[in-house]
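Structure first, commentary second.
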């Protein structure tokens with residue numbers, strides 16, 4: 001084992017780079033005394049929950065106000081001097097010190113984007129110094145579970161310029177023995193779907209997450225297209241490939257009413273509609289079926305559908321343990337979406353995953369619509385044995401990078417690798 005001094009943080013560099021939407025984001029690089037280093041780039045969301053940690057942006061005219069030079073300066077002028085000399089192996093101390101220096105409930109002083117970039121880069125530097133893969137460093141020798149992918153192949157809502165209110169229509173290829181076969185199934189269905197859209201004269205342009213963005217009239221039309229594409233590719237809906245939805249309901253909710261497909265629905269009516277979809281399609285997971293602060297509605301939704309499908313809180317929980325505890329107490333869902341930039345540190349992310357696990361909730365590790373080439377979430381999904389990952393469609397390199405990383409992890413693990421779909425450890429009831 002190397003001397004402890006080798007793992008001390010020597011310097012931290014940061015810079016402004018671009019994400020997949022052409023918007024600025026923060027990259028941090030942590031250098032250790034031993035010469036090892038780690039780099040991380042943070043993502044950014046389009047449909048952001050009101051309770052997410054604060055992203056620091058510059059304002060002004062450059063990059064339409066979305067520059068992050070202020071966040072970069074916070075790293076150079078405040079975070080780096082405070083962390084230099086600390087052990088990179090002590091992730092909790094590193095993260096808690098940044099939280100303490102920030103001093104706000106939502107990280108609005110230093111910015112969650114600057115804090116997270118340093119947090120993730122610190123973990124990667126430690127893994128590199130120890131010469132182990134990130135998933136092994138964050139996990140343990142039993143971290144060998146490859147996740148079921150939830151593949152967003154039809155985009156709507158805030159992710160696409162079309163008339164669909166629901167944000168994501170996903171494939172869940174689970175009925176195989178390993179991740180690589182699951183990825184192959186999803187890819188073949190993706191190309192099958194493109195062919196169908198072409199034949200129907202519908203757009204094959206893709207949205208922010210790489211899925212198609214055809215101008216469909218309803219969620220049912222999207223569901224029918226997916227079933228047709230699954231069968232056209234030679235697979236069995238429900239048995240080999242199921243469906244998942246991200247309604248992102250907060251985006252069309254106001255004053256207790258859901259403005260959905262030209263109708264005004266209250267919570268009970270929205271729940272009834274979701275229940276009909278579950279009855280008519282092989283849906284195994286619904287994310288943000290109701291709005292982020294419709295707590296009473298969420299409890300009713302869980303009573304109605306919680307024993308049938310996975311009910312995932314994204315905007316509801318925002319990877320925050322306090323909101324998750326409330327959801328557990330009120331029985332508001334049975335799953336949490338994990339987005340590292342919603343909470344802003346690796347330590348808090350791992351705490352949320354652990355709380356979910358000990359409370360009988362599933363966890364879905366997730367990307368953001370504004371992504372980068374960073375593949376941390378692929379390693380995180382294996383490290384935590386979450387069993388599920390959302391990282392977009394089967395196009396756009398920032399999405400494919402995560403899938404390719406998972407292929408490499410599966411190859412590294414060899415016969416030790418296990419696939420969550422084959423073990424029934426993905427979404428509920430697959």
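Every residue gets a Cβ built from N, Cα and C, even glycine.
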Exercise for the section: From the candidates 91, 167, 177, give the one listed by Swiss-Prot for the same (2R)-2-phosphoglycerate site as 339, 368, 369, 390. Expected result: 167
Exercise for the section: Compare the C-alpha of residue 209 (active site, proton donor) with the C-alpha of each of the binding-site residues 167, 287, 369, and give the closest one. Expected result: 369
Handout entry: Rounded to the nearest Å - Cα separation of residue 339 (active site, proton acceptor) and residue 368 ((2R)-2-phosphoglycerate binding site)
Key = 7
Completion exercise
Other than 246, 287, 314, the chain contributes near Mg(2+) (Cβ within 8 Å of their centroid) the residues 167, 168, 245, 247, 248, 286, 288, 312, 315, 337
Handout entry: Rounded Cα separation (Å) that holds between residue 167 ((2R)-2-phosphoglycerate binding site) and residue 246 (Mg(2+) binding site)
Key = 6
Completion exercise
Here the 10 Å Cβ neighbour count for residue 314 (Mg(2+) binding site) comes out at 29
